[in-house]
Structures are given as C-alpha cells and as structure tokens.
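Trainee: Structure provided below as structure tokens; questions to follow.
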C-alpha cells in the first residue's frame, strides 16, 4: 500500500514550511490549529513532569522535616508509579466513555488535589494519600495526551506534534529542578511544601482551557456518531474540506470494523459488548494486533528498564556518590541534567518525520548504552581516586549522566509514545495505550522502589552496568521487531503489522 504522502502530495503538507502555494497555505493553517490544540494538551505533560521531578530535590528536606527514613522515601517515590498504573488502566476506559477532552480535564483536577494534599501533609500517611491522587493523575495524563494528539494531527505532521508532550514533560521536570534549587534556602518546614505546592496552580488553568476551548478528537466523535462535528474538526486540522471528507470516510471505514461498536453510514452507533476490546487485545488478538502489542509493550518496558527513573528521581544521590558534596553543587548538576534533557528533546521534533522512527530509536538506544557504561566506570573510579582524580571522576559522572539524558531524549523519550499511539488500531487505541502506559509505570515503580536497595547491594556502578545491559537489549529489540511508520496514516498501520512483511527492514521507507 502506498503511503498517504505518495497518494496525496498536493493535499497535505507537513507542519514545517513548504512551497507556499494556496493549497499548502490552507494545509499550513490547519496544521497551525492542530499545533495549538497539541500545545494545550501538552500542558498536562508539563504538570506531570513537574510532579515527577520535584521529589528529586525535595526528598531530603521531607526526610529532615518529617523524620522519614530512606526506606519510606523509596516506597513513597516508587508507589507513585504504582498509583499511575491504576490511572493509566482507568484512563483508557475514561477516554472511550467520556471522551479525550473531558478525561484531560479530570486529570488536571486530580493533579490539583494531589499537589495540594502532599504540600499540606503533616505525616507519612498524608504524603502517601497525596501521592496516590497525584499518581492516578499521572497515569491519566500519560495516556490521554498522546492519544489526543495522535488523533488530532495530520499524518505528515504527526511526528512533529506527537513529540510535543515529551518536550513538555521534560520542561516540567526542569522547572521542578529549578524550583528545588531556588527554594532550598528557605526554612526547612516551608521549602519542600512550596516546591510541591506550586504544582497545584497550573492544573486550574488547564482544566478551564480544556473544557472551554479545546475540540474533541474526530475519531472519538465518529465512534460516538457525531459525524458533522468530526467533519468540522477535520476541516480545521487539514485546511481542506475535500481532504477532510476523505479523512472522515477513512475513519468511518476503520470504525465499522470495530467489534466494540459499529458506525453506520448516517452516523448512528450500534453498541457492542465493551469487553470485546480487551478480548481483541489480550485474549484473541489477530496476528497484526499481537505484533502491534509486542511493539508497544516492548518499547515501554525498555524505556524504564534503562534506568531513566533512577537519574530523574535520585540524581542528587548519584552525584553524592560521585564525590560531589556541596548541596548547591548537587542541585546545580541536577538542573544541568534537566536542561540537557529538555534541549535534546527538541531534536526529534524536527527529525522524526524526516529520518523516520527506527533511526531515531536505534541511535538513542546505542547512545544510552554507551553513556551508562561510562557513568558506571566513573562511579567505580570515584571512591578510590585521589583529590585531583576525584574531580575528574565527578566531572565525568555528570557528563555521562548528561549524555544519557541527551541520547534518551533523541528517541526513547518522545518517539516511543508517538510510535505506540500511531500503530494501535482505532478501536483499540485508548485501551492499548493504557496497557502500554501500565507496563511503563510498573517498570518505573520497580526502578523507583528498588534503586536505593539495588545500589546498596551491587554498588552504584554495578546498578548502571545493569541499566546499560537493558539499553543494549533495547537496540536489538528495535532492530529486530519494529517496522518504519513514517508518513503513514493511522488507518494504514494495521496493514503494516499484518505479517505480510517478513522483517522491519522491508517496511522501512
């Protein structure tokens, strides 16, 4: 099957500047509308990133103020990922029932409540309660933003737009590191509460913007029988009424194949048992769905197994083991990681649609493995080094950690979310994204809840050697199992994974 760009080169232009004729100008205007929607949706990722990163610098002050042990902190931080697992599984159901837009507003409300409860906590139980609410909100946010953007974006611009949530998430992490650094000098009983409490403000604005200004996605509208509204949204995102009608017919054709619900030609919906979606995903998947699910789950597993959560959540501890003793220097080095991660995430924004998904993922996995090995070597050398060599070991550790963040951000940060949300069939997309996010959260919880115990058992250097091994395995997985999806419409993905191609290389564009 020819890809969508080959079939309609005159109708759909990428988001980046094109040749400038009237039709492309209209397409650019439509893409600008999709960009605005994507930016608003990505605000949930900024909030998620802030909540995810703020405990990195706040945990020491929480421990000192409330008398919490290392073991309790390990459980508190790791349990947030378990809570987000619950949220990610519930989010797929909520996205299908309430819609992508309302689910996003619900996530924002939970972020507000979670940050407020945690910031006001007077003991460990209250901290856990606040993190429970915030963790469920994280699971919702991780599912709904990629699904919303994938369904709003034109095919030629999907890689660009789908990278925005990851950029937003990294920006949120960076902002949390900056807040930790800026507020660390305040009174111990106040500073960590402000670090966490600041995260309660943005969700209020996001909830209002989501409910008042954002449209629902055309694919959800079709599944629920709102064809006219879906056509209006498609016309705004494509900039061409004729193309919008063709896209609408593609979506209707895809929706008719759904075992959960069939959409008739006049837009009426015929209900089917909701359990059929889960059956088609997990019990009796077709060969193409099985291969899609393997790709989604494998990418989510390897993203977290490579140890990114260890650096995001515990960077100050890692730098302390590398020989950096000043609290300000440790927090400054942590901010450097946030800056590198955020700046590097911009690169896939411009290259994913040009180079393809596979090259970005392969480059990312190879760089992650190499930088983790260097980080392990430098951490092993630091304790035995003399004064001069200790400085170099510490500097090498910071540089290697920054290199890991940079290469992670080239592919395994943003691309896996975009790849997963675009290859899942329409009828399975919300639940499939939820299952993938659940695997991600489980692995994040495993890393978060065991990292302190792991480095106490095998050493800090040994921990990063283990992560390097997983990164190398991720490179093999991408090379062997993932076909290229660049330039293909969402409706073409099931055919791409139907097993007709013998290897990913045969489908690489």
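Each residue, glycine too, has its Cβ placed from N, Cα and C.
Nobody curates TrEMBL annotations by hand; they come from automatic prediction.
According to TrEMBL, the protein carries these features:
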DOMAIN    37-486  domain 'Major facilitator superfamily (MFS) profile'
TRANSMEM  32-51  transmembrane segment
TRANSMEM  71-93  transmembrane segment
TRANSMEM  105-126  transmembrane segment
TRANSMEM  132-155  transmembrane segment
TRANSMEM  167-186  transmembrane segment
TRANSMEM  192-214  transmembrane segment
TRANSMEM  292-316  transmembrane segment
TRANSMEM  328-351  transmembrane segment
TRANSMEM  360-379  transmembrane segment
TRANSMEM  391-417  transmembrane segment
TRANSMEM  438-458  transmembrane segment
TRANSMEM  464-482  transmembrane segment
Trainee: With a cut-off of 8 Å between Cβ atoms, can you find at least three pairs linking the transmembrane segment (132-155) to the transmembrane segment (105-126)? Only pairs 6 or more residues apart in sequence count.
Mentor: yes
Trainee: Using a Cβ cut-off of under 8 Å, list the residues of the same chain at least 6 residues beyond the transmembrane segment (32-51) that approach it.
Mentor: 15, 104, 107-108, 111, 114-115, 134, 137-138, 141-142, 144-145, 148-149, 152-154, 157, 161, 164-176, 179, 198-199, 202-203, 205-206, 209-210, 213-215, 236-237
Trainee: Where among 192-214, 292-316, 328-351, 391-417, 464-482 do we find the most Cβ pairs under 8 Å to the transmembrane segment (167-186)?
Mentor: 328-351
Trainee: Take the C-beta pairs under 8 A between the transmembrane segment (192-214) and each of 105-126, 292-316, 391-417, 438-458, 464-482. Which stretch has the highest count?
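Mentor: Checked against 105-126, 292-316, 391-417, 438-458, 464-482; highest Cβ contact count belongs to 105-126.
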Trainee: Please report, as numbers and ranges, the same-chain residues at least 6 past the borders of the transmembrane segment (391-417) whose CB is under 8 Å from any CB of it.
Mentor: 146, 162-163, 165-167, 170, 299-300, 302-303, 306, 308, 311, 315, 318-319, 322-324, 333, 336-337, 340-342, 344-345, 347-349, 352, 357, 360-368, 370-372, 374-375, 378-379, 381-382, 385, 474
Trainee: Taking 328-351, 438-458, 464-482 as candidates, which has the most Cβ pairs under 8 Å with the transmembrane segment (71-93)?
Mentor: 438-458
Trainee: By Cβ distance under 8 Å, which residues at least 6 away from the ends of the transmembrane segment (464-482) in the same chain are close to it?
Mentor: 291, 294-295, 298-299, 302-303, 305-307, 310, 357-358, 361-362, 365-366, 368-369, 372-373, 375-376, 379, 412, 419, 454, 458, 504
